[in-house]
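J.: Input: one structure, supplied below.
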Amino acid sequence: MSGAALGLEIVFVFFLALFLLHRYGDFKKQHRLVIIATLLAWYLCFLIVFILPLDVSTTIYNRCKLAVNSSPAESNGSYVTLAPSKQKCFKPWSYIPSGIMPIFWRVVYWTSQFLTWILLPFMQSYARSGGFSITGKIKTALIENAIYYGTYLLIFGAFLIYVAVNPNFNLQWNQLQTIGIAAANTWGLFLLVLLLGYGLVEIPRSHWNGAKRGYLLMKTYFKAAKLMTEKADAEENLEDIMEEVRKVSESIKYNHPLRKCVDTILKKCPTEYQERMGRNMDDYEDFDERQNSYPSEKSLVKLHKQVIYSVQRHRRTQVQWQILLEQAFYLEDVAKNETSATRQFVHTFRSQEPENKIIQYFYTPTVEWYWECLLRPWFYRVLAVVLATFSVIVVWSECTFFSTKPVLSLFAVFIQLAEKTYNYIYIEMACFLTIFFLSICVYSTVFRIRVFNYYYLASHHQTDAYSLLFSGMLFCRLTPPLCLNFLGLTHMDATISHRNTQPTAYTSIMGSMRVLTFIADGFYIYYPMLVVILCIATYFSLGTRCLNLLGFQQFMGDSEMTSDLIDEGKELIKREKRKRQRQEEGENRRREWKERYGNRDDSTRNRVVHTDQKESSFSETNINRPLSKYTRSNGRTERDRIELLQDAEPLDFNADLINDDPLELDSGR
């Protein structure tokens, strides 16, 4: 089993990252490099979270071996014996051979840092660029990132000059590397505490409110009103951009040098706009460079960028509106079925997506009623209580993890109790649950936050390339300080525990923070205490109230604006529900018509075909008969038809008035 657990987790984490990226990204429409870079960033961050518990159990086993194999003098000196020296050390099932973990952490850490500080910012500018060639996009990305990269180079250069001039500093390469890691982790820890303070309160509260059907329905109405406003704004913005594209397309003709750029812009437009512009365009008209003023290539690049953004936003709002409608209809169905006497869940509308037969077989209407109307609210309440308990433990441990005598951090107490008995399964499960809960609190906040329309992770394949890359940057910057904070909570970091024991492989890669004592003994220890203030602010919704005062409508139960938006959203849902009912009624009538008159139409069609066959056979028999006795009558008929044609008066198409009334014609004669 040596190394098997590491290999299994590497494969599992890859498919987990791929699944999440498929949910938020669009593999068919987005660039492959964007998908690969985002997948790599997410994969490395999730991998660190899943592999770190194995590193902890392997480190505890290595400490046990050193304590057993060392002499009493060595035990009292260089290493602290955590168990009696004669006790036998049991190798954990997930033991990773020595030498593998340091190489693994070094590759994972430095790859993630290269992604977050160099590659992903460049790809962000490249993805948002409106250039028409690879060279143009790269040039735009370099110009936009010049200030970003120049600031870091200026700070680093000033620091090197200060170290070189000051004789009191004699830093080596390893110490410079540690300073760089400490600077990156300090920036990440600053953002980590902000996101963690929000997630520790909001995640349990959201699950507790999830048990309240009325609360969820009111919030859905509120979202519907806000989304309808955004949807109308996106449609209006798209119309304006398409009007500019139409003017540019009509002014730049087929033989203009910039016509290829216009064709590239047209390909990014929706299909209906492309057809409309194609009908109004005259490609046979030459351009006159002296008479007309044409847009420049720079303005076309700007227009191309606006088209990409407006089309993506319009598509996203349309999909989100349909998803929100389904959610609102389902919550209204739950409210109606709660008082059902038959205890069978009845849907107002049929599901538009085909249901799985296996799920449909087990998840019957009766099972659905018991789950949605009885079990699910209680399940969410119990889950909210468990999550709230975890949040209280995290907050307590964040405020007391610096205390080593006595040990006040509950996570450190749990790990040390398991370390005495060498229960590796318990150690790995405790470590995994701890870091997994911390990761959920931080990463879920990253998925929830929205910076206007520039950064927004939307599910159902509606996230743009810029937001995907930005999320990869955040994950790569937040994960290393998150892991160091976890090691500090469990006292596995020698900087926190102040024990001269063998460090974890992850800590050895980070380097000794004693190079910067004011960070190791000050910022890393006391700054996480601010999570208490952030949790209190989140509990009383201070951020939501501030945004509401600034004009950004937020869901607040005691706000008059919230009540107005709830009423507006309720009317919108009613209107869409009536529209959906009319559509389904029309489909049902057509289905009933086909079922009732389908056989009759088939029999009528067969009767008509049979009659035609009889007539054709009758005509064939008449043709085969001798035609001599019909020759005279046919000749007379042809002569009469010719005489009638000769007697008919020709129409005068040049006349001023053509009147079909015979009375007026007679009076005129």
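Placement of Cβ uses the backbone N, Cα and C atoms for every residue, glycine included.
Residues annotated as coiled coil in TrEMBL: 224-251. TrEMBL lists 582-617, 635-644 with the feature compositional bias 'Basic and acidic residues'. TrEMBL lists 618-634 with the feature compositional bias 'Polar residues'. Sequence annotations record features per position, and here TrEMBL assigns compositional bias 'Acidic residues' to 658-669. TrEMBL lists 576-669 with the feature region 'Disordered'. According to TrEMBL, the transmembrane segment annotation covers 6-21, 33-52, 103-126, 146-165, 177-201, 378-396, 425-446, 523-542.
Provide an account of the burial state, proximal residues and distances for the features listed.
T.: Taking Cβ pairs closer than 8 Å, the coiled coil (224-251) reaches residues 262, 265-266, 269-270, 273, 276-277, 280-281, 292, 294-295, 300, 303, 306-307, 310-311, 313-314, 316-318, 320-321, 324-325, 328, 553, 565-566, 568-569, 572-573 in its own chain, all 6 or more past its ends.
Listed by sequence, the residues of this chain that lie at least six past the ends of the transmembrane segment (33-52) yet keep a Cβ under 8 A from its Cβ atoms are 6, 9-10, 12-14, 16-18, 20-21, 25, 27, 104, 108-109, 111-112, 115-116, 119-120, 123, 127, 431-432, 435-436, 439, 465, 468-469, 471-473, 475-476, 478-480, 482-483, 486-487, 506.
For the transmembrane segment (425-446), the residues of the chain that approach it from at least six positions outside its boundaries are 49-50, 52-54, 56-57, 60, 92-94, 192, 195-196, 198-200, 202-203, 387, 390-391, 394, 411, 414-415, 418-419, 457, 471, 474-475, 478, 482-483, 485-486, 489-490, judged by C-beta separation under 8 angstroms.
Only residues 6 or more beyond the boundaries of the transmembrane segment (523-542), in the same chain, are considered here, and those with a CB under 8 A from a CB of the stretch are 186, 189-190, 193-194, 196-198, 200-202, 205, 391, 394-395, 398-399, 401-402, 484-485, 488, 495-496, 513, 556.
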J.: Can you tell me which parts of the same chain pack against the transmembrane segment (177-201), counting only residues 6+ beyond its ends and a CB-CB cutoff under 8 A?
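T.: Counting only partners 6 or more residues beyond its ends, the transmembrane segment (177-201) has Cβ contacts under 8 Å with 113, 117, 159, 171, 391, 394-395, 438, 440-442, 444-446, 474, 477-482, 484-485, 510-513, 515-516, 519, 523-524, 527-528, 530-531, 533-535, 537-539, 543.
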